[in-house]
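Encoded as structure tokens, the structure appears first; notes follow it.
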Amino acid sequence: MITSAHIDDIRTQVRAWRAKGETVAFVPTMGNLHQGHITLVKEAAQKCDHVVVSIFVNPMQFGQNEDLDAYPRTLAADSEALTTAGAELLFTPTPATIYPKGLAQQTFVEVPGISEVLCGASRPGHFRGVATVVCKLFNIVQPDVAFFGNKDYQQLLVIRTMVEDLSLPIEIIGVDTIREASGLAMSSRNGYLTRDEKAAAPALKKALDAMAAGIKQGETFEQVTEQAKASLYAAGFTPDYLEIRHAHTLANAEPEDKALVILAAAYLGKARLIDNLRFDR
């Protein structure tokens, strides 16, 4: 696997592949990789001739008092895992490479509406940072296909909307959430959990499952939401949000809607965990 922090190196290699008529997949990450990331890379390797991965802890998507400085950097272990998974080109830029003028002078991309609810309401500016860096990375790598995890459901819809609105010639593929045996969604932030917190963490997925089951049995959105919140508090969580939305638009779900997604963010100790459950009724 080739590793470079320089934009020109990435473009040169991708151009060489394209000159031979070969396809390029891209998996953007912030590093500290787990099996969920590796699954994205393996899926990408099956879909395209070549796989490019980026590791960049993006300062633009972190708010004040968030965990930018504490976010784990594990490049050596990540590189080894990516090589085994089938990645051929790893882009490891610095903030100065991505934002040479600094954040205050950076042109940004903002996806209105869908970026302003749920995590966007709890973390103002977060999706501006996500959309901006992903757009920049797409312009640098110029992939045919890009892979993202369904665990970050709102992020996936933000990126799909950005690609559609800006007419970017990139196919966006969402990959199912990878979970630990307990049901806990794999996340780089699971490392913040203590042993006792990790034992309690599967209650988040169980709450979503119970909500979906209740809705299918005819319970109201309000009933299942209150029951789920109570179960989360009992397990030691402090919910940030727990909402039922239209699966395609993230608009507030209506009783007649068939395509639904339950989205949750909740604090457990120092960790802010997110999860979702997409279902039809």
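Glycine is treated like the rest: Cβ placed from N, Cα and C.
What Swiss-Prot lists as active site, proton donor is His37, and the listing cites sequence analysis. For His37 (active site, proton donor), the same-chain residues that are 6 or more apart in sequence and have a Cβ closer than 8 Å to its Cβ are Val27, Thr29, Gly149. His37 (active site, proton donor) falls within a helical segment according to DSSP.
Secondary structure at Asn150 (ATP binding site), as computed by DSSP, is coil. Neighbour density for Asn150 (ATP binding site): within 10 A of its CB lie 17 other CB atoms from the protein chains shown. Positions annotated as ATP binding site by Swiss-Prot: 30-37, 149-152, Ile178, 186-189.
Feature annotation from Swiss-Prot assigns (R)-pantoate binding site to Gln61, Gln155. Contacts of Gln61 ((R)-pantoate binding site) defined by a Cβ separation under 8 A and a same-chain sequence distance of 6+ are given as Gly125, His126, Phe127, Arg128, Gly129, Val130, Val133, in order along the sequence.
Annotated beta-alanine binding site per Swiss-Prot: Gln61, in sequence order, evidence recorded as sequence analysis. DSSP assigns Gln61 ((R)-pantoate binding site) to a helix in the three-state reduction.
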**Request:** Measure the Cβ-based neighbour count of Ile178 (ATP binding site), defined as the other Cβ atoms within 10 Å of its Cβ.
**Result:** 18
**Chain-internal residues, separated by at least six, CB under 8 A from Met30 (ATP binding site)** = Ile55, Phe56, Val57, Asn58, Tyr71, Ser188
**Message:** Measuring Cα to Cα, how far is Ile178 (ATP binding site) from Gln155 ((R)-pantoate binding site) in Å?
**Reply:** 16
**Prompt:** Which of the three DSSP-derived classes (helix, strand, coil) applies to Gln155 ((R)-pantoate binding site)?
**Reply:** helix
**Prompt:** So how many other Cβ atoms are close to Gln155 ((R)-pantoate binding site), meaning within 10 Å of its Cβ?
**Reply:** 23
